[in-house]
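Handing you this structure, nothing more for now.
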Amino acid sequence: MSSNTRVALVTGANKGIGFAIVRDLCRQFAGDVVLTARDVARGQAAVKQLQAEGLSPRFHQLDIIDLQSIRALCDFLRKEYGGLDVLVNNAAIAFQLDNPTPFHIQAELTMKTNFMGTRNVCTELLPLIKPQGRVVNVSSTEGVRALNECSPELQQKFKSETITEEELVGLMNKFVEDTKNGVHRKEGWSDSTYGVTKIGVSVLSRIYARKLREQRAGDKILLNACCPGWVRTDMGGPKAPKSPEVGAETPVYLALLPSDAEGPHGQFVTDKKVVEWGVPPESYPWVNA
């Protein structure tokens, strides 16, 4: 494979929104599209399904909580393509409301995948992103809701323009510890484990965008967080109003921003629109339009 061939990669892509993103990228992206999944059999089955539609994704195994798995993917991308043009971090988990797993265990497992896993992928793959590359971190307005349920002190920290990656990791670890000690409400946290992890993903995106601006200004890489909306998936449930295909629209829009685009960068985007970080979803100007 020539290093001149462009390549896009989607994590957690064997079903749901990730699968729909891969399908759209296969149709619209000028280059190879790599579908990744933790489970090889499910990932390969997803590739076969898309091949039956006349599309040609590639498959590579990826478990975002396994550093060895991430590094094997890095080696593949370096060898086959000399880097990466588009990264969509979609892999995530959520516990259903009626799940009997103890709250602190839910917090630990959700944080391990949604925040720490996404961070590990970014740590390893961002250095491979080529000039004019695009990075999309799939977050959620559930993170915005959770932010608005946090104490003013925590909100101030998460909205800070100067928060560091180390400070953010410390806060995410503190949330998990506070749930173990039964004091997370007393310490000012939301009750939504999923929401808190998505606060982390959104703030991490702002931090990485800032670093790219400072360290690789001439490369015109654009990195954003987005919310696909409430989507009918295993995670979103059958009552959600959006199909996975509609949910894929905003991530794909950000993944395919034209090469001469100056933005958005470091923003939170939903319905293809930039919204101010931390503003409650009910206040988005088009919600009641």
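Placement of Cβ uses the backbone N, Cα and C atoms for every residue, glycine included.
The active site, proton acceptor feature in Swiss-Prot is assigned to Tyr194; the stated evidence is sequence analysis. Per Swiss-Prot, the feature NADP(+) binding site maps to 10-34, 63-64, Asn90, 194-198, 231-233. Marked as glutathione binding site by Swiss-Prot: Phe95, Gln96, Leu97, Gln106, Thr193, Tyr194. Per Swiss-Prot, substrate binding site is recorded for Ser140, and the stated evidence type is similarity to another entry. If you look up Swiss-Prot, you'll see Ser2 marked as phosphoserine. Annotated N-acetylserine per Swiss-Prot: Ser2, in sequence order. Per Swiss-Prot, N6-1-carboxyethyl lysine is recorded for Lys239, and the stated evidence type is similarity to another entry.
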Write out the long-range same-chain contacts of Tyr194 (active site, proton acceptor), meaning residues 6 or more apart in sequence whose Cβ is under 8 Å from its Cβ.
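Once residues fewer than 6 apart are set aside, Tyr194 (active site, proton acceptor) is near Ala94, Phe95, Thr110, Asn114, Ser140, Glu142, Ala146.
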Other residues with Cβ within 8 Å of the Cβ centroid of Phe95, Gln96, Leu97, Gln106, Thr193, Tyr194 at the glutathione site?
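Counting only non-site residues, the set is Ala94, Asn99, Thr110, Ser192.
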Have a look around Phe95 (glutathione binding site) and count the other CB atoms within 10 A of its CB, chains all included.
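The answer is 17 other Cβ atoms.
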What kind of secondary structure is Leu97 (glutathione binding site) part of, going by DSSP in three states?
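DSSP assigns Leu97 (glutathione binding site) to coil.
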How big is the Cα-to-Cα gap, in Å, between Leu25 (NADP(+) binding site) and Gln96 (glutathione binding site)?
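So the Cα of Gln96 (glutathione binding site) lies 30 Å away from that of Leu25 (NADP(+) binding site).
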Fill in the CA-CA distance, Thr193 (glutathione binding site) to Lys15 (NADP(+) binding site), as an integer in Å.
22
